[in-house]
């Protein structure tokens, strides 16, 4: 889930001209080079062989009876059928089998471990740095890591189903609810009872942003129903949390090869950002590498060639418990931010590329809401509906971002006046869709990484991206 920067906020070198199109770039590849390897961001067939399912079990030849010990009776002896191997439990489609049933030992797959770039000086820390580091010691805790890896595996299995099953003609509501129902089923937590949503669930509303809508669109009650078209480019952005620690990962789907290079540019830029991220790395260095990779691509649409531009006023971000945007931002363009990444931090490394202007504005409607983490536990308000709604938010979402669909799923009614009161008093922040110019197309790829002591773990990495 991208973090929008304040309007007109300076990002240092953000006004520098985009780098020219070229065959190679830092972390980049020539235009179109990815597609012989990466495909279009969707999962391939590669399921491997199915020998383990027991279907190919061979029968051992029967051993003849020893004539000396064979019984003298002529009665026929019933042959025992060979036992079939128990087939491994596989995820259903749509995904509904709790992950704990698929992993009975409750040990979940590790993310991709990347070594830090050589030459980084990771030992010279100030006292303040050491204090912050010790406050993040949980990142090496086995229970924390296993829970976080479980959330990542839930994300992988649900997005695999999404990539295999979502097709033009489906409504965005149908797609969003399929993703969200899958997440809840795999976590074995419907989230309907008070407090359940704080234990595990969706990290934020499922984003399904089409074409020039770059980010932060989710279908909500009262909106016009949108049907996915074969010409659409759809960003799919959803989060899975356990105990408030959110795995934030996103990908882009298209059904027309016209947009392959757009997807390739953004996927390359995201992987370049991951490669350059690390302990004690300056954010400005990561941003510069992202922009250089992204803007080395162009895309041909209807006979016109468009450079792929890095979006300038939305960023990657660090993640803290129950906070999807925790304060540090990673722009996708050159800047003068000398803030460093630190050991023990968690980052959502994401990039957005567009054929449009690369500057976003608020679109119509509402994506979701999020309680200000610094807001008080209880409020005083002359509006009873505002107080009861605020209590409902605290009990079910805390500071997690949520949407109207989630409120109505909990049975909350007549909440708009109370919500407007909470927003106007600064207790709750409202998020709107973010748009580029009409007629443009945009893409997004995103992973969550943990800056551990010995490596950076790309916890959401999968075979797909």
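Each residue's number is its place along the chain shown, starting with 1.
Note that Cβ sites are derived from N, Cα and C of the backbone, with glycine treated the same way.
Just so it is clear, the model here is predicted, and its values are computed rather than measured.
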Practice task
Can you match one of 216, 317, 382 to the divalent metal cation 2 site that Swiss-Prot gives for 248, 350, 446?
Solution key: 317
Problem - Identity of the divalent metal cation 1-site residue among 237, 260, 436 (reference: 248, 446, source: Swiss-Prot) - result: 237
Practice task
For residue 446 (divalent metal cation 1 binding site) and residue 317 (divalent metal cation 2 binding site), determine the Cα separation and express it in whole Å.
Solution key: 11
Handout entry: Other C-beta atoms that fall within 10 angstroms of the C-beta of residue 446 (divalent metal cation 1 binding site)
Key = 25
Exercise for the section: Translate the DSSP assignment of residue 237 (divalent metal cation 1 binding site) into the three-state scheme. Expected result: strand
Fill in the blank from the handout: Same-chain shell around divalent metal cation 2 excluding 248, 317, 350, 446, C-beta within 8 angstroms of the CB centroid, reads 1, 2, 3, 237, 249, 250, 316, 347, 348, 349, 447, 448
Problem - Cβ-based neighbourhood (8 Å from the centroid) of the divalent metal cation 1 site, residues 237, 248, 446 excluded - result: 1, 2, 207, 238, 239, 249, 250, 348, 350, 444, 448
Completion exercise
For residue 216 (substrate binding site), the same-chain residues 6+ apart in sequence with C-beta under 8 angstroms from its C-beta are 1, 2, 4, 207, 209, 367, 368, 431, 432, 433, 434
